[in-house]
Amino acid sequence: AGEGGAPVPGDGAGPPAPQRVLFPPTFSVSEIKNKQRRHFMFLRWKQQQRKEKLALKKKRRKEREALGDKAPPKAIPKTIENQRVYDETTVDPNDEEVAFDEATDEFAPYFNRQTVPKILITTSDRPRGRTVRFCEQLATVIPNSHVYYRRGLALKRIIPQCIARDFTDLIVINEDRKIPNGLVLSHLPDGPTAHFRMSSVRLRKEIKRKGKEPTEHIPEVILNNFTTRLGHSIGRMFAALFPHNPQFIGRQVATFHNQRDYIFFRFHRYIFKSEKKVGIQELGPRFTLKLRSLQKGTFDSKFGEYEWIHKRREMDTSRRKFHL
């Protein structure tokens, strides 16, 4: 035994206390050969990183509270959105040329309240159950819309019939392997026609914490981040699907949110809990759209004139370049 009766290694008083092993500064978790041990060490490292980040965040908050009004302004984090490459077609709200174009384009009768939206929703030939249910739920979101299941009828024959029956828009839901994967939106009678790739479709029963079924009230419409001339045209197409007079008593809102050229659709019901807090319930369905082309006039696959076509190899040269 050593001084004070403390045991020393090798005198039979017990095993020595384990010492903490420190990894060298250049050590990497990927050097661990055992897969389970490597995964465990990676999780520990991530947990330690989160703790350090949280501690630094608390420290900075306390420093800002101590400084009060003298605290420096918060740093703006760099994101792909705020580092976006400037687009020369970005719309200025005070631009006279843009205002003139809007007053004379195909959607002017709608925005001048000369027409009332009347929508026909149809599908590709012989749709499956999931596409049928999606069309039925979409019809409950868009007021004054009617679902028609085409049976081998070509779109070139459907469009004249729609115009004769005073339909203002035609929506075609395409599918592949029983999954909705495309949406064609054609404004009648003079176009334009937009072709979207559809993904991430969720029906009402597939949404967690969904609210009750939507009512027949006319919803409010929110269009977010459609900033360029092309995005402005797409936003006006979506706006023309809904009547001008939303019924606020229904507290329902349809949102088209553009982020990095992906258009996210959500349908919610809201309630004001207090002056500062609002509760929302998602009603569904939800889906994501990616613009493929914008065509002048109504649908014409052979001789149509295109205003814009998405060409991946030529246009997707930078992650910070967006078109909508």
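Each position is counted from 1, following the chain as shown.
Backbone N, Cα and C atoms are what each Cβ position is placed from, and that goes for glycine too.
From a predicted model like this one, the values you see are computed outputs, not experimental measurements.
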- Item | The annotated region 'Disordered' range in TrEMBL, which must be one of 1-22, 111-132, 199-220 | 1-22
- Annotated region 'Disordered' segment (source TrEMBL; candidates 49-75, 76-102): 49-75
- Task: Tell me the residue counts in helix, strand and coil for the compositional bias 'Basic and acidic residues' (63-72), as DSSP assigns them.
- Result: 8 helix, 0 strand, 2 coil
